[in-house]
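Working notes, structure below.
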């Protein structure tokens, strides 16, 4: 029995990248939250903010560790499963990956030691600086990875040298390669998605504490910080996402057509809110706003938008999964705006923390950013097919010639098992830390009432309720 090495290699990379991408966005989002809280501590001198920071640092450290472990495999996969790709674009693709390791990862890892172990060894301002460098390093790591991936989407600043099997792409302008047409918009899109993920995780945990009547002041203050971060990020994401779509329309028209389920080039192209695109009948059935896609792309309701009919069938991406993944991401983006703004409204009215239904909504909304980030990447990567480097190198031509399907299947099984194990360990550690809760300021032992709930500091002189 023969196994398709190409399909298995694609599945393996999707599995390992998908698992890995559970962690870096949360790392970046939590880093922003903890730096904000530590800045409050340094500015005010209030130990309460230090307590808040220390708790979120614990969750950050656990997530960072698993993120590093799951990310190492991806770089090796380029050499083992995608050797032709690595040989053809290694001069270009390797540069941002090297920059990420040398400048960003070492910066992040070096100051991480101060962040974790320097609380009583360096001044508060120095510790805040270390925390800020960890945040900056994590963002720069994302930047260089996005540079590499964006070049695959919109290649620029290169020329082809050699012939036959020795043919390869080389950089002609490093900074033009770095800031290729899609880098800035895609980088902003990913970072805002990371801030959303961190914010929603914090809101979920603290809403759980409030419902359980535990660590109330800690939970409420953390929630306030997180919902502001999330609301601002959600609104900005709408603007950045629109700009990213404009770049796709200009440089990757076949992807845009797949994202929007547009099979035929037409004037006044509709924008589908949801639907079912059929590659057999080459039509999309669903609810659409007439002319809106033309307006969003060209600021003209009657403008022409290129459809899939302008591309040979072998050059078209898979439409159904690209369309659905993209629309799930967009729908969730709208949900994030609504739920955070409504939450801010209730917070302003002073009723949010007494609204059990809304707190439960925030608890379960934690899955939203994870799904949005995963479906966003699915639509971006599947929408680029059949190219691994857009209009330059096909995915089918990029695979390693010496790796058999059976070997890829074996490694796929082992990596999937390992990644599920790491996910289980991460969830177990996070669960224990969340259930343990934050440490008490100055070592205070929490006082519980008769029902087991923690009594807030301002009420600790009173007799617990019977």
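Each Cβ is built from the backbone N, Cα and C atoms, and glycine gets one as well.
Here TrEMBL gives transmembrane segment for one range in the set 96-119, 264-287: that range is 96-119. The stretch that TrEMBL tags with transmembrane segment, taken from the ranges 157-174, 301-318, 355-372, is 355-372. Highlighted: of the candidate stretches 20-43, 96-119, 223-240, 355-372, 408-429, 96-119 has the greatest count of Cβ pairs under 8 Å to the transmembrane segment (126-147).
Here the transmembrane segment (355-372) has Cβ contacts under 8 Å with residues 22, 25, 193, 196-197, 200-201, 203-204, 207-208, 210-211, 328-329, 332-333, 335-336, 339, 342-343, 346 of the same chain, all six or more residues outside its ends. Under the criterion of 3 or more C-beta pairs below 8 Å, with sequence separation of 6 or more, the transmembrane segment (96-119) and the transmembrane segment (55-76) qualify as touching.
When Cβ distances are compared across the two stretches, the transmembrane segment (408-429) makes contact with the transmembrane segment (55-76), since 3 or more pairs at least 6 residues apart fall below 8 angstroms. Within the chain, the transmembrane segment (55-76) has long-range Cβ neighbours (under 8 A, six or more residues past its boundaries) at 13, 16-17, 19-20, 22-24, 26-27, 30-31, 33-34, 37, 97, 112, 115-116, 138, 201-202, 218, 222, 415, 419, 422-423, 425-426, 429-430, 433-434, 437-439.
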